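Contents: one structure, followed by commentary.
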């Protein structure tokens, strides 16, 4: 059955969201869905690359032409995802899996670092239910502030040129993101003045605001509250009041409870539970406020609970204002919600001033305090701008968080099943599909244009350059080959070895040469070339020493190479192991191996008419195949090392969690 490109795209996204549901629909023939092989072949057309995709912006410009001006304003989100270290070689000989920021953006110092994180930039409008991935980057750990600031500036300019209006940039509270803020001049001066916006790089009449992800800020505030408590100007804020109220509520399983949703997890979260946003929000919810009021007498044994209750009420109100999702609860200019944000900024300033006398003990961390100040003031400034210049009636503050990019990462993780960390190649393919999904998805009235779907299926970057480089190196290599000196070079390569260089056993090389014979006999039509490829080992007396291993396990189906082919493969294998032993692995190692082969003499395989062409194909096939298996072994070693470290970490956590340890431990 022939499937349309639009349907293949929908099926790929459907399988990513729920592999089990996709299989259920296909097995029960609810819909005509393509199989795994068909989808795999379709994914081979997604020749994606890291960096900014020019086709995305060209198609995005077509889409924005039909949008209203108010629908073009939005937020630029960015975040990073952990990836598994994995190297893979493409058909052109380029080793994939290294740091890649795209053309002209990758720093020279990071070119040969293995990629283990993926950075994604996403645009979310203030109005509308669509989002758009802007760029994807393969990184090693986090992106340094210098490079991150350049990437964000370029993303803003590209979005503006595509017809969008980027009014705010949102990231989490990581240290490198705070360093990026400093590159833009965002922060608090010694006089206490907070700078939360800069002049827009594309329009001097506008401003570019910066916001720290509010759920992340609240989790940091919650963690410090549960571990140490706070000392506000109104008094001491202690988590013991909440814990005692919860204990009182848990005394009976029969009676009605004041705080039925509150659990042990809320008060004693582990490492994984600390990342859950809903648990942090519920800790400062209405239910907790009611519980503290209901058990006010019981919890008074720890002191005066009023400062703690007032603090939780203040945070509860802040959560409602900064996470509005409906017009009813949205932030409006001059409303009580706006006033509450101003009051909270004033509260933080007074709190900070009072904490200076005791070296900021009982105060928020510097990063959390700065994030709250910048985010709240940016929100108010953005609301004022949208109300006056774009005629917004209200602002849904949930559009200022990283929720959409976290949803995107959940799809990426789920597409790999139980493996939470996809490889860089898998991550890139998935993001490429999701990048074009909103562009290719049909609007409410009408169909997607053919140019949009073609942009998805066709390659997104010129891939012929690497192929042409490899082909040119092979042509030069064959032209410089010298048949008469092949045997001498072969002998020298085995007698004058460096002890630090590793070489494969000649018996295994002979066995591998038989695989090459089988491969090329299938595609070679010239009878003379076919004869020169293989050697029939009928007489056991004439079997060379290297062939004894192959002969020992031959049940009648193994192939034997000719002497010339065996000599060629020996030269290639020895040269390959020498290069790998003496050079560090990098993305262009394949080209380097072929380049260094130019000074090597080797025999040609085949008749006089086809010898150069056939030898070139054999050299290319062997080098690429050998590199493929070498990278596979490297990935297996990396995975074993990762599992070993995880096991040691798990064992260490189990040992430290035991309340009593024997003396011999």
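Here the Cβ of each residue, glycine as well, is placed from N, Cα and C on the backbone.
TrEMBL annotations: computationally assigned, not manually curated.
Per TrEMBL, the feature domain 'Transposable element P transposase-like RNase H' maps to 51-185. Feature annotation from TrEMBL assigns domain 'Transposable element P transposase-like GTP-binding insertion' to 216-328. What TrEMBL records for 399-428 is domain 'Transposable element P transposase-like RNase H C-terminal'.
For the domain 'Transposable element P transposase-like RNase H' (51-185), DSSP puts the residue distribution at 44 helix, 43 strand, 48 coil. With helix defined as DSSP H, G or I and strand as E or B, the domain 'Transposable element P transposase-like GTP-binding insertion' (216-328) counts 71 helix, 6 strand, 36 coil. The average pLDDT computed over the domain 'Transposable element P transposase-like RNase H C-terminal' (399-428) stands at 85. Look at the domain 'Transposable element P transposase-like RNase H C-terminal' (399-428): DSSP puts its residues at 19 helix, 0 strand, 11 coil.
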